[in-house]
Each structure stands twice: as C-alpha cells, then as structure tokens.
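To start, the structure itself, in structure tokens.
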Amino acid sequence: MNHLPWLQSSLPCLLLLLIFSHPSYGDVGTAAQYSPPFLPTACYGYDPGQFPSSNLFAAAGDGIWDNGAACGRQYLVRCISAAEPGTCIPEQVIQVRIIDYALQTASPPSYDGTTMVLSDTAFGTIANSTATSMNIEFQQI
C-alpha cells in the first residue's frame, strides 16, 4: 500500500528542480561595460596604482555607490542571464574592485543605469563582449 502517492508523482519534478537549480549567495543586479580611458576615477583620481593587475575592476552604480564608501570594495560577480541567449559564460566568476562611480566615468558605459559598470576585460571574462548589458549575481567580499 502506497501512503505517499503525491511524492511518487512529484519526484521527477523535484529531481529536475534539484538538478537545474544552484544556491544563490548574493544580490542580483545588472552590469554594463566600459573601455579606456579610465582616468580620472571618482575614487582615486589619476593614480595609476588603483588598477588591479588583472584589469578586473568596476564602477559602482547608484545602488551600491553608498556616497563613495564603495571605493575599494571587492565583489564576486557572475553573469546569470542577458537579453541575447548565450551571452553568459557558464560558471565563470570574477572578483572586481570598485574604483569609480558609474555616473562619472571618463568614458561612457555601454548601457546606463546598471548596478555596476565593468571594465571591458572584466565584462569579457564572464560574458560575450559584444553584449551591451547583462544580469548579474554579485556578493561583496
């Protein structure tokens, strides 16, 4: 006698949910990209030492700028989706350092109003660099 018929009928759906889901540990937002020139920045002016050797850096949008307190913060960032299918590089996570304010970058971002504007190197590491924006998951570290 089967006492849990609902479990038996729901088992395939539960298994698919477990297979295709993954834990989320951060916030969700959007990202654009920008290219040189990067100087001056709102955080460090003309100091060339502000750039990580990896060139993985970003400008903070209004949502995380925090009146400049975001300067120097580091975030783990990954692409989770975009308007154009296939934009994200699956399972690729980068660590970026905030060096600028998105509304004051020396060069214009590829898309306005995003949570972060990633350097072209950072953007291209987690997504197809021809995209103008993407949805991201990010976590301050």
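Glycine residues also receive a Cβ, built from the backbone N, Cα and C atoms like all the rest.
Per TrEMBL, the feature domain 'Expansin-like EG45' maps to 29-141. Per TrEMBL, signal peptide is recorded for 1-26.
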Confidence summary for the domain 'Expansin-like EG45' (29-141), mean pLDDT rounded: 97
Secondary structure content of the domain 'Expansin-like EG45' (29-141), with strand meaning DSSP E or B: 20 helix, 41 strand, 52 coil
